[in-house]
Amino acid sequence: MHCFSFLRNIAIYTWTISFNFTPSSGKLHGQSVTRYVVEYQNHHALVQNQTAYFRNLLETHLKSNNIGFNDITPFNEAPSIFSGFSLSVHTPHNPKTIKAASFVKAIFPVLPVARPVFLHTPRVLNTLQVGNPADVFEPHVQVGISRLHKKGYRCKGINIAVIDTGCDCQHPALGKGFGKGFKIAKGYDFVGDAYNGSNLPIPDDNPCTSCALHGTHIMGVLAANENTMGFRGVCPDATMSSYRIFGCEENTNDELVASALLRAYKDGADVFSLSVGAPGGWAGGSIAAVIASRIAKRRAVVVSAGNLGDEGMFFATSPSTGTGAISVGSVQSTALVSYPFTTSLTGSRTFNYFATFTMEPGTFPVYPISSTKDGLDDACTPLPANLPNLSQHIALVRRSETHACTFETQLGHLLKKGTHKILWANVCYTFFLPSLIDHCFFDYLLGVATPVQLRITLSQNTSRVMLAAPDSGKVSPFSNYGPMFDLESPQPGVLGVGGNVLSTYPVSEGSFAIASGTSISAPQMAGIAALVISTQGKNINPHEIYTRIASSATPVSNFSETGILESVCHQGAGLVNAWCAAMATTVVSTHSFSLNDTLHFNGTQSFSITNKGKRSVSYTVEHVTAGTALTFSETNVANRWPVPLIPGTADVSFSVYEFVLRPGQTRKLQVKFKAPLGLEEISLPVYSGFVILKSDTECESHTIPYYGVGAALKQRPVLDYGYSYQDNYTLPALDSGLTGLPVEEGHTFTLQGLDVPIVEYRLAFGTPLVLFHIVKGDTVIPTSLLPQQSSQEKAPNPEPHPATTPPPSPKVSSQDSTANSPQNGSIKPFEQLQRWKPRHALADAASIAFSGKIYDLSVANYHHAKPITVPDGKYRILVRALRVTGDPREEEDYEAWLSPIFTIRRSNQKP
């Protein structure tokens, strides 16, 4: 790992913000679903008023089945995409009963969606800043947007929808208004300011709000007018629309995401930009992903890949996993905003600190918090009482490397001593704290500060200076790794600039801010998609937009600069080239090749290339390798950023190595792959590389990434048997609802209030299905179900599907002849089972409580299973997780864990 150190300003907490997809830490308790989206079959010839007709059918069915309900909301903004209703039920019900209503096609549980999180909130004083000309704005020059702007392409006539937190429409750079005739011409507020993800939304027709920090920044990336800060948006002449799905605080749900997608489609959006999501890793599984996939067949849908790169491989987010959606990762910008300072020892020589705005100018004494060069705990504890007030000093602080001492902890202790001006040294790189100052210079200042009473002068010059970044063009550390568990996409599909990008911010918060995240690279990519439409016309289909963007990209090297290209599953096709995506006259038919795993190897691939231009183009076909990423360490723990890369070259051959493509001609090519040999399967290696169609004509070269897994996904353990993150015990565990901690064998639960058994578990890998059954206390697991065992069978038939097939009854051994009776049932009904689950982050776990009722999911009963009360007695909880590519009917394709024995003894019954 490369380490960078720095001197920098923290006048308001930090110089940059980052928009994160942040899963909840700790124990995530299972929640019963009480809201659903119901999809109806389209029967246009059946009745004239389908909405009223289907609503009447649904209400009649619910009443006849004694299901209490309310808040039935039509889901018919775009009937050609989706027709149905959303509704709430008073108590959890088996959704299979709801689905039994006439003409119901599908039913989706409404799931929470986390708010994009700001690490910190800086301000930029726009009245004091002086920028550079917009044509040299670094994030645009870096990917060729500036060239298109110079040619006059600025997305005039293109409609772009932003689905986010709303926008400060009164921002001068965003048109100072909302509605017809303004830059932001359309939109809708689905929630209102007070919505928090669980209360009643209060919608209205105006999405504008001053609390939309995230959405305002995204809107500026896409469409800002030229301003005093020296930049413009990717599409300053586009017609924008804003769809607000978050209140001023807290979260939202995927019903609102889906509603916004449908409303934007109805309003005529040509391009959709979404910077929301959560760990997913599967193509379906949520209503938002399903609708994104459907719209992506007709319009360009661009979604951020997520900011959890530190979690390592196989951590794709939804809805970016929607089929056809362009999933966007991030690279670091080529330059950083900085401001000058000098020291009393170095005369007129100028140094720079990095910040979104300048510190108070003047000359100040330096106060080192640490007196040693090797200190790692500066301000990790309250500062000494005899320390002077530091309000008129510049504090010299080294950033802690320990998890126990966070940046916020250090800053809190410094602020209590009046500290307002800080120069930080960072020992190791983190994405929101970069610097160009070598740490040796920091150590020099540390050594001379006290003996010579060092003073630093902060310049009166408020002009920002753009300095080359040491990580320029590298994949941002926060950018998520793929691939998807079903290997449908490398995730991300392509990279944009998302590290350290200047854009608009609510006027009340300072008007401009620098931010980092795939939340920033996604709107840049959405703007590039709009530029492609500008050059090619609105008749271009979204698949061609995707292939143009991906195949014109340039692969990037890995962060450690070892000479190996970064894994395709961290960069997709590479860094976008907007100019070539828009101007190429040749087009390929695919954006990537998935070779699958060793059990389902797909080594023969084909694609075509078409010449839509007026000149013949000559090609040579080449193979370029990328690093083989090691998903897991030798201790079976997921490798975190930077994921280790090793050489691991696939053998690639082509049906043709040279050819000339004439105007109007389409040529089909075949590629044959042989997976690399000698890879250690226990590390779950993911090999990758690029098929290159090389041309000497500008913009006519094409890059198509490929990737495959050098192991069998079906052999990968699903359940994590390591230690819990916060407590010193191993998982899975049987916890008490009263304490949240594991209980000993034989523990008694009364099932009163919180006195219930809870299974706490963590998933080490994705799974299509997790089952929880109550079984008799003397039950044992057959050896074939223990985690070290796995099936070597051929790939199962795609049907049956985990979402539509009843799981097998537990094949367990018990001395009790009633071991297979209905009282040995599932804790959840069929439609509330845990499906399409991603692997957990290291700091996460999940849990599910047993309330005393079970469901018989045998083949004969699973459609209409009703809850059964379990009598007092001795029991265990059996957890089974279906391995990736496993057959949901086959017991041997599940991994199993059996809890300790516990006793149920209700307080109102005698022992």
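Every residue number used here counts from 1 along the chain in the order it is shown.
For all residues, glycine too, the Cβ spot is worked out from N, Cα and C.
The domain 'Peptidase S8/S53' annotation in TrEMBL covers 156-556. Mean pLDDT, taken over the domain 'Peptidase S8/S53' (156-556), works out to 86 on the 0 to 100 scale.
Listed in sequence order, Pro116, Ala212, His214, Gly215, Ile218, Ser242, Tyr243, Arg244, Ile245, Phe246, Ser273, Leu274, Ser275, Val276 are the same-chain residues six or more apart from Asp164 (active site, charge relay system) with CB atoms under 8 A from its CB. The active site, charge relay system annotation in TrEMBL covers Asp164 (among others).
Its Cβ placed at the centre, His214 (active site, charge relay system) has 25 other Cβ atoms within 10 Å. The active site, charge relay system annotation in TrEMBL covers His214 (among others).
According to TrEMBL, the feature active site, charge relay system maps to Ser519 (among others). In the three-state DSSP assignment, the secondary structure recorded for Ser519 (active site, charge relay system) is helix.
Note: the domain 'C5a peptidase/Subtilisin-like protease SBT2-like Fn3-like' (594-706) comprises 3 helix, 57 strand, 53 coil (DSSP; helix = H, G, I, strand = E, B). According to TrEMBL, the domain 'C5a peptidase/Subtilisin-like protease SBT2-like Fn3-like' annotation covers 594-706.
Residues or ranges marked as region 'Disordered' in TrEMBL: 788-827.
What TrEMBL records for 797-810 is compositional bias 'Pro residues'.
The annotation compositional bias 'Polar residues' is assigned in TrEMBL to 811-826.
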Can you count the other CB atoms that lie within 10 A of the CB of Ser519 (active site, charge relay system)?
33
